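Peer 1: My questions will all concern the structure given below.
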Amino acid sequence: MEKDLRDGVSSRSVSLGSPSSLSPSYEQLEPPQTSYCFDQALLDSEFSRLSVSSSSYNNNRRRSSSSNSNSNNQALYMGSGYDLANGVGGVDHFMPCSFQPERENQRVGDFGHLGVANTNFLETFVPERNQLRQREYPNRLSWNGNGLVSDVSMNSCGLVDGLGSKKPRFPNWLKDSMNCSSLKDLRGMMLYMAQNQQWSRYLQCKMDGCTDEEKNLIFMELIEHVGKLMLHPFGNYVAQKLVEICSEHQRTQILQKVIETNYLVQMCLTNLGSRSIQKLLKHFTTQQQISTFMYALSPGTLALSKDLNGQHVIQHCLMHFSDEDNMHLLNEVANNCLKIATDRSGCCVLQKCLKHYKGALKERVVAGIIANAFLLAEDQYGNYVVQYLLELRIPQVTENLLRQFKGRYFIFSSNKFGSNVVEKCLVETVEEHSSSIIIELLTDPKCSMLLIDPYGNFVIQKALLVSKGCIRNALLELIQSNSSMMTSNLYGRKVLTFCQKELNINFRTRR
């Protein structure tokens, strides 16, 4: 009978410790009374060390108790420790590390900062080995030989510090160079450093006071990847610093590398790329560099003008380069005047063109705006281009615009955007032109509707401000005859209030 009992013990071990912890009297050994095959107090203490949520553990423990009884009742010899079968956040059962199958892409639930890992928590659940270490370093967690991080700090919430933070863990071969005295010691590492947040800053500091030999070293390692770096979140700062410190010939090589990629326009459409290209433009020193760049950029003028990032590159060229350098760019703007003027970013580009240029190139752009003035006046962005053109007060241009609008002032006055153009026409033109506009409004059969219109009332107020003599008297008579209707209307009351404050005229309501 003693032999049978010994056989049973060898097949079902109930101890969590070593075989020496078993009682020498095998006859007194009794089978476990619970469905769990481990020391509950020991397991609870291990979980508390890792600050695992008790509710998560208890919920998973209750779930495990209702699972397959055969797997739960297995009593395995635990000579070296435990391992999680389904990750810390989804504990279904425990298995000894020696029996733990290899699992790939095992997601750790409660340890959200760990992400996806392929590892065994061997050292975590080995009381015999880690007891001394836990006393000395109660907040440290050691990883076994899986090629991962060792001695990871854990915060008060039970999450691993460092793995989810912005501070990267550098490879050992790069740590040794932290206190290097010269950039020569970093030979072969420049590209890696430029794309790393911490090392990118370190490299930029070193580039400020580097020698010509060190400049050449950095340039030779980064020149083949300069286009990639200009689009990198950290590398773009290194690329911009490289543009500042390199020689004229090296700057030309950078330009050629950027153009050779055939992604110059696409690069300017991105936030980081636009900044890097503008830095390059600021450091152009030869006419050849400017001409080469403008020849490559001009085909993408329309796309760049309509883009929030690309428009900054176009505006830089318009403000800092000569008319001859921008000739191809302005031709593209003139040919696509309507498309550019009706865009949020494009309307700003057109205003820069009108501000910084004169002569034949400017005349082409102005002619394109006048030809489409009727459409632009009622556009949410195009109206700003027309207003800016009126603000320039070029007599011939103003007359051409007014000729385009003739017979349409009443329609514009009732339009949200067109009313702004009519107001600008009244303010920025001479008395002769403004009087003709007011007369056209007064002679319209529906003129009284402007008094209570959400947009037309502002046109009436502006007309009262610029008109004189009989023209103003005609407007005041129109208001007097419709004052009863205006007092019961929100927009009509605005006109009456304007007359009272600005003109000191108080209209009495007719009964």
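Just so it is clear, glycine is given a Cβ too, placed from its N, Cα and C backbone atoms.
Source: prediction; values computed, not measured.
Sharing the features that TrEMBL gives for it:
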type: COMPBIAS; residues: 10-25; note: compositional bias 'Low complexity'
type: COMPBIAS; residues: 54-73; note: compositional bias 'Low complexity'
type: DOMAIN; residues: 165-503; note: domain 'PUM-HD'
type: REGION; residues: 1-31; note: region 'Disordered'
type: REGION; residues: 54-74; note: region 'Disordered'
type: REPEAT; residues: 221-256; note: repeat 'Pumilio'
type: REPEAT; residues: 257-295; note: repeat 'Pumilio'
type: REPEAT; residues: 296-331; note: repeat 'Pumilio'
type: REPEAT; residues: 332-367; note: repeat 'Pumilio'
type: REPEAT; residues: 368-403; note: repeat 'Pumilio'
type: REPEAT; residues: 440-477; note: repeat 'Pumilio'
Peer 1: State the residues, same chain only, that lie 6 or more residues beyond the ends of the repeat 'Pumilio' (296-331) and have a CB under 8 A from a CB inside it; answer 'none' if no residue qualifies.
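Peer 2: Residues 259, 264-265, 268-271, 273-274, 277-278, 281-282, 290, 339-340, 343-346, 348-349, 352-353, 356-359, 361, 364-365.
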Peer 1: Can you name the far-off residues of the same chain, 6+ from the ends of the repeat 'Pumilio' (368-403), with a Cβ under 8 Å from a Cβ of it?
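Peer 2: Same-chain residues near the repeat 'Pumilio' (368-403) but 6 or more away: 334-335, 337-338, 341-344, 346-347, 350-351, 354, 412, 415, 417-418, 420-421, 424-425, 428-429, 433, 437.
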Peer 1: Report the mean pLDDT of the predicted model across the repeat 'Pumilio' (221-256), rounded to a whole number.
Peer 2: 94
